[in-house]
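Asker: Would you mind keeping the following structure in view while I ask a few things?
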Amino acid sequence: MNLMDLELGEHAVIKDMSRMNKWLQQRLIQMGIRNNSKIYVKNRLPFGGPCMLDCEGQCLSIRNKDARCLEVERLSCK
Amino acid sequence: MQIALLGNPNTGKTSLFNSLTGSYQYVGNWSGVTVEKKVGSLRNGRDDLIDLPGIYSLNPLSKDEAVVSNFLLHESFEEMLNIVDASQLRRNLNLTIPLLEFGKPMVIGLNMTDVAKLRGIRVQEDYLSEELGVPVVPIIARSGTGIEFLEDELYEENAWRKPFKLDYGMAVENAIAALVKLMPKSFSAKRWLAIQFLEENRAVENFIYSVANESLLCKIRSELEEKLSKPPAIDIQDTRNKYIEHVIERVTIREKISRVTLTDKIDALATHKYLGLPIFLLLMYVMFMLTFNWLGFPLSDQLDRLFSGPLTSGLEELLGMIGASSFIHALVLDGIVAGVGGVLVFVPQIFILFFFISLLEDSGYMARVATVMDRVMQAIGLNGKSFIPMIIGFGCNVPGVMAARTVEQPKERLMTILLTPLMSCSARLPVYALFVGAFFTQNQAFVVLSIYLLGIILALLLAKLFSKTIFKQEESFFVMELPPYRLPQWTSLWRSTWDKGKGFVRKAGTFIFAGSVFIWLLTYAGPGGLDVPMDESFLALIGSSIAPLLAPIGFDNWQSSAALLTGFLAKEVVVSTMSIIYTVPDGTLQEVLATSFTPLAAYSFMVFILLYIPCLATIAAINKETGSRKWTLFSMAYALIIAYAVSFSIYQIGQWFIG
Ligand SMILES: Nc1nc2c(ncn2[C@@H]2O[C@H](COP(=O)(O)OP(=O)(O)O)[C@@H](O)[C@H]2O)c(=O)[nH]1
């Protein structure tokens, strides 16, 4: 499943970033976001606008098409 | 001694710079405010602090970020001050490690310790210091807590700093050893150079290809890639991540705290599905109402009364007392007081506008606006980030054009640069204020707002047009860090407001002063000699040669042509010129204007002022940022064409309606 399949506030861990745009992937890695980082979607803006994520205590926004390339795995509890 | 200040964006670097150097700097909250290289002298008076752009990693993904790698490669300095955000240790250490590998003495300023505490994170600085082998000083840059201790560490030559070396595993280490042998002898940080090369740091590659054997170097790297069966950069990053996890494990203590922060609560509103955009528009509305109707105009009025009343009569008396000639008399009163004073009365409005822009930047709201606007901007071929330079452009186009650097995608950046001048900057404000005061007293803010909106709408339309024609879009991406909301400090707000606004005041003292004298001379002299009637002056002559061209758009008097010509220097000079041209013994400038323009022509004139050309300083900035004369000329040409077309339509259609 990817980031777009998560409900708002549902916690997950990142499993695979390799399908993302190369540049974006590098930037996320630089920001300390990588496989096994905990992540959840805070907010989705309307009309297909970007989604706001919280990853390990930092907040950032990316576009839906990129979010779709971010493979995650749902965390069972919480 | 030269000390380099390095760190992630939004870690409080600018605040630290200010409190260490005590100098006036610009403090903002969105990644990209610190774009210029700034040097301040430390309080001991001997050492310099060099401020570098905030970066996440040494490997540059944008032009802005290459500044740091190039600095490390080419400049000489003695010490590094790394500012680390205690509440975001993982991300910050990702930069600290390659900096440590560079091998220069380093001091770490552990900032945001208050924020970390609120989030239930405690960083034990002594353990961190032990791990990394450099002094670590906990600080709160914003309030100045701990700055003295940081200074002590900076000035001290610590003997116990131990060299930092992270073991990347046999295969990588062997490659590093082989690379080090090929590195230029003169460069001391060879290991760093080798690691950065393996990480494919573009700035480093450019540097070593010019001094070492490219094919040998690349061969080592590709052999390593084969051996690891993944790019060395990834392997190196993995090793670092493991080490960072180990460090974090050892130095941080986490306490349980409630999850919902104030930032979350504000974000629930500011980036709300449906309310986000209306809230932004409402804020803009309040900002404009305060700048114009509620606060700005009354203050400007007071100032105007001061200039035209006590100041003028005082000067008149003074000139009479020292027995000045009628030439000096006219020069001072009709030239300087009219020209400079005409612009200075708008200082309150401009400062109010700059204050709000600083507030938006400092609080962290700007990053949300970029997110909220991304969908719209994407639809017209731009990026949410392009929105920020445009908002800054409302203050002044020059920093707006410069802020476009943070847009990573080259074509989007170029488009942002070209379209930012359509944002009505504060220098155009005096012109509108003058005209709405004369023609549209009933709905001043509304008329001015319509001009601002016109600029925005045109920018959006042109963006769409450009992205469909000249700039065929490459793949576009968007990622924006949303820093926590922070209540800006009054001192830093005032500093950044003053920093932006003082340019305007300074311009009034220099540029506009000189311009006023020159323009006045052109009105005072004519082919017929000195002290000619205004209509026979040189300025009238020049103005009337262009005037016929402007007749179709509503103002064929020589006065407005002359004002437009001088407005190329700086838009507010239009007001100076008009104040000088239309000096009359009694009555205000606005009353005189009311007899030379119709309201429709006045509106057309304001629109023309909005669009007709970026001012000289903006053109210089565009030239610098695009590095291309072609695009600079384009920015002037398209503006002129659009301005004429729009003013023409407004005037002609308007006349048709009025009958
Ligand atoms: N709570 C807190 N806020 C800080 C601290 N240092 C800086 N800030 C705030 O963080 C924001 C960003 O700071 P700035 O100096 O512009 O960061 P830069 O982007 O790294 O240059 C500003 O609103 C500062 O007032 C700190 O130690 N604690």
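Glycine residues also receive a Cβ, built from the backbone N, Cα and C atoms like all the rest.
Annotations per TrEMBL:
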- B:1-160: domain 'FeoB-type G' (DOMAIN)
- B:7-14, B:32-36, B:51-54, B:111-114: GTP binding site (BINDING)
- B:N18, B:S19, B:T21: Mg(2+) 2 binding site (BINDING)
- B:G22: Mg(2+) 1 binding site (BINDING)
- B:274-295: transmembrane segment (TRANSMEM)
- B:340-360: transmembrane segment (TRANSMEM)
- B:387-404: transmembrane segment (TRANSMEM)
- B:416-440: transmembrane segment (TRANSMEM)
- B:446-466: transmembrane segment (TRANSMEM)
- B:504-525: transmembrane segment (TRANSMEM)
- B:537-555: transmembrane segment (TRANSMEM)
- B:602-622: transmembrane segment (TRANSMEM)
- B:634-658: transmembrane segment (TRANSMEM)
Asker: Quick one: find which recorded stretch in B:274-295, B:387-404, B:416-440 has the most Cβ pairs under 8 Å with the transmembrane segment (B:602-622).
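Answerer: Top-ranked stretch among B:274-295, B:387-404, B:416-440: B:416-440.
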Asker: Determine the mean pLDDT over the domain 'FeoB-type G' (B:1-160), rounding to the nearest whole number.
Answerer: 84
Asker: Which binding-site residues, if any, among B:N10, B:N18, B:S19, B:T21, B:P53, B:M112 have a Cβ under 6 Å from ligand 1, given in order along the chain?
Answerer: B:N10, B:M112
Asker: Where, among B:340-360, B:416-440, B:446-466, B:634-658, do we find the most CB pairs under 8 A to the transmembrane segment (B:537-555)?
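Answerer: Between the candidates B:340-360, B:416-440, B:446-466, B:634-658, the best contact partner of the transmembrane segment (B:537-555) is B:634-658.
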Asker: For the transmembrane segment (B:274-295), which partner among B:340-360, B:504-525, B:634-658 gives the most CB pairs under 8 Å?
Answerer: B:340-360
Asker: Applying the under-8 angstroms CB criterion, which one of B:340-360, B:446-466, B:634-658 scores highest with the transmembrane segment (B:504-525)?
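Answerer: The stretch I would name here is B:340-360.
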Asker: Report, as numbers and ranges, every residue of the chain located at least six residues beyond the transmembrane segment (B:340-360) whose Cβ falls under 8 Å of a Cβ in that stretch; write 'none' if there are none.
Answerer: 28, 287, 290-292, 295-297, 299-300, 303-304, 307-308, 311, 366, 369, 391-392, 394-395, 426, 429-430, 433-434, 488, 493, 496-497, 500-501, 504-505, 508-509, 512-513, 516, 572-573, 575-576, 578-579, 589
Asker: Same-chain Cβ contacts of the transmembrane segment (B:446-466) under 8 Å, 6 or more residues past its ends?
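Answerer: For the transmembrane segment (B:446-466), the list is 285, 288, 292, 376-377, 380-382, 390, 394, 415, 418-419, 422-424, 429, 432-433, 436, 440, 603, 606-607, 610-611, 638, 642, 646.
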Asker: Tell me, by DSSP, whether B:N18 (Mg(2+) 2 binding site) is helix, strand or coil?
Answerer: helix
Asker: Could you tell me which of these binding-site residues, B:N10, B:S19, has the greatest number of Cβ atoms within 10 Å of its own Cβ?
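Answerer: Output for this query is B:N10.
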Asker: Under 8 Å Cβ to Cβ from B:T21 (Mg(2+) 2 binding site), same chain, six or more residues apart: give me those in sequence order, or none if nothing qualifies.
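Answerer: Result: B:G40, B:S41, B:L42, B:R43, B:L49.
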Asker: Round to the nearest Å and give the CA-to-CA distance linking B:M112 (GTP binding site) with B:S19 (Mg(2+) 2 binding site).
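Answerer: Distance (Cα to Cα, whole Å): 14 Å.
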Asker: So which binding-site residues out of B:G7, B:N10, B:P53 end up within 10 angstroms of B:S19 (Mg(2+) 2 binding site), measuring C-alpha to C-alpha?
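Answerer: Those close enough: none at all.
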